[in-house]
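As structure tokens, the structure follows; a few thoughts come after it.
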Amino acid sequence: MAIGNWTEISEFILMSFSSLPTEIQSLLFLTFLTIYLVTLKGNSLIILVTLADPMLHSPMYFFLRNLSFLEIGFNLVIVPKMLGTLLAQDTTISFLGCATQMYFFFFFGVAECFLLATMAYDRYVAICSPLHYPVIMNQRTRAKLAAASWFPGFPVATVQTTWLFSFPFCGTNKVNHFFCDSPPVLKLVCADTALFEIYAIVGTILVVMIPCLLILCSYTRIAAAILKIPSAKGKHKAFSTCSSHLLVVSLFYISSSLTYFWPKSNNSPESKKLLSLSYTVVTPMLNPIIYSLRNSEVKNALSRTFHKVLALRNCIP
């Protein structure tokens, strides 16, 4: 329905990787499908193992379980639709579908930032106050910290998504991305978005920088505590408990920061798609691999669980 020069848009078209040849898109489909399945299986396995094995009923693995839930949600929001655009060329997404995808993208993204900060604090308490660790990080405290990590996603996602989709859209309805991210959708708005853009920039900086500063503060104190440990074996053991989390934090923050804080003149739509893939598709797959390969407790728990499953199968006639 036309209103002046504005057109009421009922759906959007995700350009995804349509500029690439069909053969390349087919290859991308197989690649992303494999990554998607590995992500779901890997994170589901982390959840099941940390629940089933009594040795992993500590605060560290409680937060790791939360991270795995989050990564599964991230993948379910982004990847299925992207696979549809590559396989069946189903590039359309409804107005409500686009808003819903953007909402949950913001929700899971913000939650991950704060959850990574909470996990860093957990490591700080474990290394700097080992004797008081069970008391400080009791069941009630860890539940509160987890809730505090998930909660900020709700107001941020609600305000940003509701505000953006209250603007009128005109002209093209083509979103030059593989999902409904804020910057490419904002380009389709035919109204003054200066105030929204200021809010988005300030909000993004706060959401990224506050958890990042908390992580840096935690690891600065952790590093100081590790340096005071007299034995090399003790230092190695303390560092090994943090190395997996540090690697996960680095992957997430470097890729997301390059996407949203890199100068626009140096960041083409295609390069932004690649950067977005790193933290929406690749990082969720790598997290369970990093934690399982670099953590002996998780590896041992996986081995115990595997042997229990084999034993149960052998008992069944």
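Backbone N, Cα and C atoms are what each Cβ position is placed from, and that goes for glycine too.
Relative to the membrane, His132 and Lys299 occupy the same side according to Swiss-Prot.
Among the recorded stretches 56-76, 141-161, 199-218, 239-259, 273-293, the one sharing the largest number of Cβ pairs closer than 8 Å with the transmembrane segment (101-121) is 141-161. The stretch from 141-161, 199-218, 239-259, 273-293 with the most CB pairs below 8 A to the transmembrane segment (56-76) is 273-293.
Residues of the topological domain 'Cytoplasmic' (219-238) grouped by DSSP class, helix first, strand second and coil last, total 16 helix, 0 strand, 4 coil. Mapped onto three states, the DSSP output places Cys98 (disulfide bond) in helix.
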